[in-house]
C-alpha cells in the first residue's frame, strides 16, 4: 500500500497518518522528519539542504527529491509507505512517479482530507496553549474551566503566532496555490480518493480504512 496524504493545514493529517501507519503496518514518512534526520546525520544531501536553509533559501527540488528517494529505498518501505508533506508541486509529483515506476512501486492512492476554510479557521484560531506547562485547549471544543487560565497549573493561556487568523489565512492561500494543481494531477491519473475531514477522528479514519482496504 503506497499512499500520498494531502490536505490543508489543520485538516488532521498528522493524527490520521499515525493511525494509518499503525493499522496498515507501513511507515509514516514526513518530509520534515527526514529533512531533520539528514541534517542531523550530516548526509551529503542533508549538508546541501542545510546550506540553502541557513541562507534563507528554498531547498531546490533535486535535493528534496533526492532525500525522499533515499528514504523510499529503505527496507521498511518494501510493503508500502505513507508520504506526508511531499510532493508539494506537480513537478515534484512527476519526478516521484518517474522514480517509483522505475522501481516498480507506483502509487496506489492519493488520499485527500477535505476541510472547508471556515472550519479550519475555527479549528486553528481557537487553539490555546499554557505558557507554563504546555497543556493545549480549544475555546470551543476543549475550553478551560476558567477562561484564559490553565486547568492544570492556573497559568495564562495564549494563542500561538502560527494560530492567528492572518497566519492561518496566509498558510491556506499558499496551500491552495500549490496543492490544487497537484490534486488535479492525481485526479487525471485516476488515483485520488477524498474523505470529509470535518467528521470525528474515528469517523474520518473509518472512511480512510474503507478506501485503503479497497485498494490493498
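Just so it is clear, glycine is given a Cβ too, placed from its N, Cα and C backbone atoms.
Quick look at what Swiss-Prot lists:
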- 10, 11, 12, 13, 14, 15, 127, 136, 137, 199: ATP binding site (BINDING)
- 31, 36, 57, 58, 59, 85, 86, 87, 88, 92, 160, 171: AMP binding site (BINDING)
- 130, 133, 150, 153: Zn(2+) binding site (BINDING)
- 30-59: region 'NMP' (REGION)
- 126-163: region 'LID' (REGION)
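Annotated features, which come from Swiss-Prot, shown on the structure.
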residue	record	Cβ neighbours (10 Å)
10	ATP binding site	22
14	ATP binding site	11
57	AMP binding site	9
59	AMP binding site	16
86	AMP binding site	22
88	AMP binding site	17
127	ATP binding site	18
133	Zn(2+) binding site	12
137	ATP binding site	20
153	Zn(2+) binding site	13
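It is 13 Å from the Cα atom of residue 137 (ATP binding site) to that of residue 153 (Zn(2+) binding site).
Secondary structure at residue 14 (ATP binding site), taken from DSSP and collapsed to helix, strand or coil, is helix. Residues listed for ATP, 10, 11, 12, 13, 14, 15, 127, 136, 137, 199, cover a largest CA to CA span of 21 Å.
Mean pLDDT of the predicted structure over the region 'NMP' (30-59): 90. Residue 12 (ATP binding site): 19 other CB atoms within 10 A of its CB, across all protein chains. Look at residue 153 (Zn(2+) binding site): DSSP puts it in coil.
Within 10 Å of the Cβ of residue 31 (AMP binding site) there are 17 other Cβ atoms, across all protein chains. The Cα atom of residue 31 (AMP binding site) lies nearest to that of 14, taking the binding-site residues 14, 130, 150, 153 as the candidates. Taking 12, 57, 59, 86 as the binding-site residues under consideration, the smallest Cα distance to residue 130 (Zn(2+) binding site) is found for 12. Here residue 86 (AMP binding site) is compared against the binding-site residues 10, 14, 127, 133, 150, and the shortest C-alpha distance is to 14. Residue 88 (AMP binding site) has 14 as its nearest neighbour among the binding-site residues 14, 127, 133, 150, 153, going by CA to CA distance.
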